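Visitor: Take a look at the following structure, please.
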Amino acid sequence: MNPKLLIVIGLLLATGVCSFAKALDEESLRKECNHLNEPCDSDGDCCTSSEQCISTGSKYFCKGKQGP
């Protein structure tokens, strides 16, 4: 087999493996976001894109974003 062809095949395989590993890593980091009026852990917790985690006294809930 042509050595240049082997190098190209090797690079394609390596690129595919790296892309697959990155996709798995991103999936493992992703978590389900809370929805409107659902409890959340703190100001940084994940709510859906139109909401944010807001303190309502002693607890936090996902509420509609305020302002711009």
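Including glycine, each Cβ sits where the backbone N, Cα and C put it.
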Visitor: Based on what Swiss-Prot records, which one of Cys40, Cys46 is disulphide-bonded to Cys53?
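Guide: Of the candidates Cys40, Cys46, the one Swiss-Prot pairs with Cys53 is Cys40.
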Visitor: Once the DSSP letters are reduced so that anything not helix or strand counts as coil, what is Cys46 (disulfide bond)?
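Guide: In three-state terms, Cys46 (disulfide bond) counts as coil.
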Visitor: Quick check for the class: what is the C-alpha distance, in angstrom and rounded, between Cys47 (disulfide bond) and Cys53 (disulfide bond)?
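Guide: Here the two Cα atoms lie 6 Å apart.
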Visitor: Are there residues of the same chain, six or more positions away from Cys40 (disulfide bond), whose CB falls under 8 angstroms from its CB, and which are they?
Guide: Asn34, Cys46, Cys47, Cys53, Tyr60, Phe61, Cys62
